[in-house]
Amino acid sequence: MYAFVTGANGLLGSVVVRTLREQGHAVVGSYHSEEPTFDCPLHQVDITDTERVVELLDEYDVDLVINCAAYTDVDGCESNPEVATAVNGTAPGDLAAVCDDREIPFIHYSTDYVFDGETDGFYEEGDEPAPIQEYGRSKLTGEHAVRDVNPDALILRLSFVYGARGDTSDLVGFPQWVASTLAAGDTVPLFTDQTMTPSRAGNVATTTLELLDAGVSGTFHVASQSAVTPSDFGEKICEVIGGDATLIESSVMADLDRPAARPRRSCLDVSNVEGELGCSQPTLEDDLAALEAAFSDYSS
């Protein structure tokens, strides 16, 4: 029997696939466009094509579905709300219903962007969502769609997912951009007025499987203990690679003209997941240390 991972070519999906395989699980993955480089069954599938997904669940006798597929381009969602709703809202509910009918676990990932960011503290799972852009609204629709049809589903909210890919071990996203720009000796403008609790993909994958083993359901926040701005984050990356800190320039969100609004402070409280598993979520320093090998290409 297999674990079925949607979005296997994304950062999070690729790390989930790797972590499952490292723990001895058979995996079948789906991807939307570019095929990842895993030695396991992989299929190009549109996540909104529920009929095709069901065919794969039957073909591989799947006994676990982890939905990593999402439309995560925040500004793209603002311009394409119908696509955002279909991928982030409707499709997760359809998958959750299929899993409920088959009585197999369903795990779905959501986002800190379901909150408006108008807080000076940390959001708990039970706090009232109030998304301020189409991306957050579509992800909240997905949460409701999943919960309405599958009360046993596990929904994990994440914040600013980053890390190294599961298939190639290459650093991607924000840390790769910061590290490569600093290594090239160029300036890096980073926001000082946005605060989040970044979720390292490797920790998310490990925590996901720990929660699965614990047999829990409901909504949990999985993120760093550390509340940081992009500027703070960049400074820590600079320390890791031995870069020139004077290249980091302060910036604010208003400096960029972007279609979608971003929450000012979308920090996630991780007390519930820590209490459930009996261990702490990592600090940013812990997470960056776990990526030491991936940063080595940019170290001076």
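Including glycine, each Cβ sits where the backbone N, Cα and C put it.
For TYR135, the entry in Swiss-Prot reads active site, proton donor/acceptor. Classification of TYR135 (active site, proton donor/acceptor) by DSSP places it within a helix.
Remark: ASP46 (NADPH binding site) has HIS32, ARG52 as non-local neighbours, by Cβ distance under 8 Å and separation of at least 6 in sequence. According to Swiss-Prot, the NADH binding site annotation covers GLY10, LEU11, LEU12, ASP46, ILE47, ALA70, TYR71, THR72, TYR135, LYS139.
Summarising the annotation, Swiss-Prot assigns NADPH binding site to LEU11, LEU12, ASP46, ILE47, ALA70, TYR71, THR72, TYR109, TYR135, LYS139. Under the DSSP three-state reduction, ILE47 (NADH binding site) is assigned to coil, being neither helix nor strand. Packing around ILE47 (NADH binding site) is summarised by its Cβ count: 25 other Cβ atoms lie within 10 angstroms of its Cβ, all protein chains included.
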Exercise for the section: Please report how many Å separate the Cα atom of ILE47 (NADH binding site) from that of ALA70 (NADPH binding site), as a whole number. Expected result: 9
Exercise for the section: Enter the number of other CB atoms within 10 angstroms of the CB of LEU11 (NADPH binding site). Expected result: 22
Problem - Site diameter for NADH, Å, by largest Cα distance between GLY10, LEU11, LEU12, ASP46, ILE47, ALA70, TYR71, THR72, TYR135, LYS139 - result: 19
